[in-house]
């Protein structure tokens, strides 16, 4: 189930809000410019389906989303316990960073946490199958799918070079493990 936990950035042990209500999650994230939606699809591909099958299953949604955002490409990312170089890959995502384009993800299977650092607040958005999240350009954040991840997600990019992080050097992510 999707969940949002909000903290003051100085108190990782004291949540200010914790909700599993999708409407409240969308409302709270919208207040900081983050888009959150639940998508329902008549077709849910298997976790083992190839990238082309997964992209085809969500093509109507992707076409609409890419038209709205001006995105030029989409792909599928999978994180599993047997993903090559998983510890190094995970560390790339765990460090606070920004992007020069919106980071748009749709969770096909599994779950992961987008943790956003905005002003003096930390927003931990636990996303699950059927969740769409779009983190605007420049918002400081990190991502955690856990030490034994199981996630398949669609990624939408404006820049065809794909995922490029600009690390902030702030160690805040070390103090806010995924809720």
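Just so you know, glycine gets a Cβ as well, placed from its N, Cα and C.
These figures come from a predicted structure and were not determined experimentally.
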Query raised in the report: Looking at Swiss-Prot, 97, 99, 103 are annotated for Ni(2+). Which of 141, 175 sits in that same site?
Result: 141
Requested in this report: Sort out for me which one of 97, 99, 105, 141 has the most neighbouring CB atoms within 10 A, since those are the recorded positions we care about.
Outcome: 141
Requested in this report: Could you state the whole-number distance in Å separating the C-alpha atoms of residue 105 (site 'Important to generate the dianion') and residue 99 (Fe(2+) binding site)?
Outcome: 14
**Report entry** Between residue 96 (site 'May play a role in metal incorporation in vivo') and residue 103 (Fe(2+) binding site): CA-CA distance (Å)
**Finding:** 14
**Report entry** CB-centroid shell, 8 A cutoff, Fe(2+) site 97, 99, 103, 141, site residues removed
**Finding:** 98, 135, 139, 140, 142, 143, 165
Report task. Taking only the Cα atoms, work out how far residue 102 (site 'May play a role in transmitting local conformational changes') lies from residue 96 (site 'May play a role in metal incorporation in vivo'), in Å, as a whole number. Result -> 15
Query raised in the report: Among all the protein chains here, how many other CB atoms are within 10 A of the CB of residue 103 (Fe(2+) binding site)?
Result: 22
